[in-house]
């Protein structure tokens, strides 16, 4: 069950800082129905809106939700919109980039030094990521080949829980293109030789993709199996088979170097609020004692609670299950929190 929109304007006094911030977030979701958190946070900062991570999570929960798994995992989705039923949502899908094991020490040293890149620079392939594994949104990647491929009409009849609205081979080509683009800007001495290897694999993947388009069904299945086996071999070579899915967020700290580390609810539904545990301190910018309580009651009243606080959603048009996360626990934030 997809969470329904909430009429937040009924509960937040117009003219307050909270109202202005919530309005700005809502306008971004009018511009685009699905956002990566890093991109959305950077847009808000660039617009002069600076507040703590805890407030950002509250504002997002007022207008959006996200899946814990599937092709749109970790991205905030406008309430009322189900990307699994809209083939046009394919351009907003998630795609991961993992740094080759030979370069991980380089990335880890940069992360430990506190260095960070602008998200826009990462998506434009102007810099090499410092995180060993990041989650990117296809529509934000500034590459002609990628944009050309994701805007081709989807031939998939339903949204697959693993590959979304794309075929396995299309995603394989996109991943290899990303590898090549990032490796081309990597300053590490090993980057050049790795770039040559990755470029060769990218060209091979494109040829296989072209062949699959015209092959008979039984030939397509054979090529699919070969491509999957090749990917497993490369992951093993890259020391990434059976590793934990360590998709850490870039920290968006909104003018606060000591901000509390963000609760990583994307990785586990155990962080969800249990029914009856909803508690939100009054907003210090308003004199409305009941604003936050009533707001959360409507916010969480639009869909049923499961025992873990997270709904497992199964759509008969899709393969597999999607878990939806639409809540977070505010008990850890005190009433005198500095926004």
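Easy rule for this one: first residue shown is 1, then count along the chain.
Here the Cβ of each residue, glycine as well, is placed from N, Cα and C on the backbone.
All annotation found in TrEMBL is predicted automatically rather than curated by experts.
Pulled from TrEMBL:
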COMPBIAS  215-228  compositional bias 'Basic and acidic residues'
COMPBIAS  242-267  compositional bias 'Acidic residues'
COMPBIAS  282-292  compositional bias 'Basic and acidic residues'
COMPBIAS  328-339  compositional bias 'Acidic residues'
DOMAIN    18-98  domain 'Transcription factor IIIC subunit 5 HTH'
REGION    215-292  region 'Disordered'
REGION    314-339  region 'Disordered'
Please list, for the domain 'Transcription factor IIIC subunit 5 HTH' (18-98), how many residues fall into helix, strand and coil according to DSSP.
42 helix, 16 strand, 23 coil
Let me know the model's mean pLDDT on the domain 'Transcription factor IIIC subunit 5 HTH' (18-98).
95
